[in-house]
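*Asks:* Quick one: structure below, then a few questions.
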Amino acid sequence: GWSGGYPEIVKENELFERYYRELGIVPAGEWGAFMAALREPLPATLRITGYKSHAREVLHCLKSKYFRELRELRVDGQEVEVPQALSWYPEELAWHTNLSRKILRKSPELEKFHQFLVSETECGNISRQEAVSMIPPLLLNVSPHHKILDMCAAPGSKTAQLIEMLHADMNVPFPKGFVIANDVDNKRCYLLVHQAKRLNSPCIMVVNHDASSIPNLQIDIDGKKEVLFYDRILCDVPCSGDGTMRKNIDVWKKWTTQNSLQLHGLQLRIATRGVEQLAEGGRMVYSTCSLNPIENEAVIAALLDKSQGALELADVSSELPGLKRMPGITKWKVMLKDGQWFEEWKDVPPNRQTQIRPTMFPIKEEEKLKSMNLERCLRILPHHQNTGGFFVAVLIKKSPMPWNKRQPKINQKLPQRAEDTVETAANLDEGTENITEEPALADSEESKEMQNLPKSDTEQSKIEGVCGPPPSKKMKLFGFKEDPFVFLPEDDPLFLPIQKFYALDPSFPKMNLLTRTQEGKKRQLYMVSKELRNVLLNNSERMKVINTGIKVWSRNSDGEQFGCAFRLAQEGIYTLYPFIHARIINVCIEDVKILLTQENPFLSKFSSETQKKVKDMAMGSIVLKYDPDPEKPDSLQCPIVLCGWQGKTSLRAFVPKNERFHYLRMMGVEVFKAKRKEEESEGKTEEEAEGKQAQPEEGMDVEDKKDDSVTKMEAETGEESSNTPVESSAMEVESKTVDLDEFSRNANNHVSQESKN
């Protein structure tokens, strides 16, 4: 039938059932439950970001309010199950419910909960991620000092987890580690940037390369160039995706064994390139959302075989207690899409030997097979914990790969400072191998030639701290042309007024500031960690960088008259705050509510303490800090840092819309953005609808009506308005309604000017 214009997809595939029955990956007696689970829609899962200091507040808000409201609720005749914490995820930070995505989006009863999820997701406080997808980052055992490579990172939910782990201690603004997130698809790289940007980290870089030939990067260690080896690598390779049938139902009709046969070679090449770049003692997690041993155990066995003992599978059976898993298998067969089986490579006829490769078959030597410990791999089956299907293997690198060789030991310069000693020793421990494959040789020869040549434009750019797009024609890749990354010179006159205005600490790492323009006015200042600066400066020719750094300051055309042309940006305030010693106003919770619910409140609206602090302060950009009161456990128990602007007679916050909503929710203020109805109900005229919209709602803020006064005041003070419009919303504050329509219109009026800037 053609219901809704599209034929219903039948969840049957005879070849799929025949293949997996024969391989025996499902325990005896569980086949019916396995197939039944695959035919059911995937439950919605969400993860609360663990590195932000207010993760506990988000969790408390979810449990005490939204989950409570779901009890005894029925949607389409189905009783809504109250979300349950995933038993194996640490600290109750991941939850699942029987609500499908479709029901969440379409049901009026769940609109509040859905809006909460959307808004908090955009803020970066919640990630709507499939449960099994959360496993690989957890098994990487990341520490804040680790250098991490995510080889096939888009769309970025696992990358976000890795960034969170780097920032486990929120008191450290610049962890020593970093994440380099790579994807081969240029367009998907921008999706990756969007995901990473939500977390506001100075330790993430998005690059665009083919993972199977991702270049060796160099870093400067104590004045010497060395190859960068990663402590942790996530290798979540492209796969046939038959573990995602519950979510992507078109897999049912498209599935054949041909998909896995075509992907096996690419998966092995990517995994091989990964272990080449792994430091000795480092850990690499290989994962797929496929159940097929050709994409899983066959790849791992081939990798272990050619590593000749350099790699071993880690035993992770004691990690993630509560996670039900099946061990890896040691025997399997290869099947063509026409149903023909092959047990050994020698059985494959010559005309099939391009489709089927020797590495797809199990190892025949019993001793070698036993030493590989393939049972240490883990396969997640959908019916065990109501999830998708997944495969994970954790590899440890014990020594250099046999096709690599050790570099001769170099006499290191003696470090002058104690911290240098620690850093150098750590880098030496990571190994000094040099890959001797052709690309690496070409790189080294090229670098030697460049050292011997007179200083070219490229070399001059390096000296000036410019990391531009690759200069040579052969390196011009597809996709958009990226702006260069230009580090601020040490003597840049731009920085002195900023340093003075905000009384920046002498320890502030100003060398890590960069812009995206070589000529003209610098409009935005971004910041990266010291380690990523090292990577950027030493690899501009061999690496296509899509994005890095967080925005910390924005040029404000009227700011110069107040002593500083740059105002603080909310995205980077948690990174900057530890270094700022001036322009800080401590505010109480009531003041925060005023700042977040009113567009441009007069100073008279704030507490007397705040008014006193502001009185002697010059106009311009400020920091608004809220510290929780431990004696009031019912109030918000996490610190808040907001960017603001002090005018002659007013005080305002420069905070993105969804972040405003987030803080208000945490303070117990309900924010519910009603969906705009696409069509008015029958019988209502357009004029009637407009007339209704024009009527002021009860409880509207009197100050918001004084539009002329506000405009005049802005003209006097030269304040720059928020670049984050708040959409038409209805907000319930202690059961009273505060209308934000006026707030929305005021903010929208200023967007165009900000966009031009």
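Placement of Cβ uses the backbone N, Cα and C atoms for every residue, glycine included.
Since the structure is predicted, the reported quantities are computational estimates derived from the model, not experimental observations.
The following feature annotations were taken from TrEMBL:
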| type | residues | note |
| --- | --- | --- |
| DOMAIN | 34-398 | domain 'SAM-dependent MTase RsmB/NOP-type' |
| BINDING | C152, A153, A154, P155, G156, S157, K158, D183, D210, D236 | S-adenosyl-L-methionine binding site |
| ACT_SITE | C289 | active site, nucleophile |
| REGION | 426-468 | region 'Disordered' |
| COMPBIAS | 675-686 | compositional bias 'Basic and acidic residues' |
| REGION | 675-757 | region 'Disordered' |
| COMPBIAS | 702-715 | compositional bias 'Basic and acidic residues' |
| COMPBIAS | 733-744 | compositional bias 'Basic and acidic residues' |
| COMPBIAS | 745-757 | compositional bias 'Polar residues' |
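Help me picture these features in the structure, burial and contacts included.
*Replies:* When averaged over the domain 'SAM-dependent MTase RsmB/NOP-type' (34-398), pLDDT in the model lands at 92.
Long-range Cβ proximity for A154 (S-adenosyl-L-methionine binding site), meaning a same-chain Cβ under 8 A and a gap of 6 or more residues, is found for D183, D185, R188, C189, L191, L192.
Contacts of C289 (active site, nucleophile) defined by a Cβ separation under 8 A and a same-chain sequence distance of 6+ are given as V132, S133, C239, G241, G243, T244, G388, G389, F390, F391, in order along the sequence.
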*Asks:* Rank the binding-site residues C152, G156 by the number of other Cβ atoms within 10 Å of each Cβ, and give the residue at the low end.
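*Replies:* Across C152, G156, these binding-site residues, the one with fewest Cβ atoms within 10 Å is C152.
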*Asks:* Widest Cα span across the S-adenosyl-L-methionine binders C152, A153, A154, P155, G156, S157, K158, D183, D210, D236, in Å?
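*Replies:* Binding-site diameter by Cα atoms for S-adenosyl-L-methionine: 20 Å.
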*Asks:* Around D210 (S-adenosyl-L-methionine binding site), which residues of its chain at least 6 apart sit with Cβ under 8 Å of its Cβ?
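*Replies:* Looking at Cβ-Cβ distances below 8 Å from D210 (S-adenosyl-L-methionine binding site), excluding near sequence neighbours, one finds V184.
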*Asks:* Do any residues at least six apart in sequence from K158 (S-adenosyl-L-methionine binding site), in the same chain, have a Cβ closer than 8 Å to its Cβ, and if so which, in order?
*Replies:* S133, M134, P136, P137, D150, L234, D236
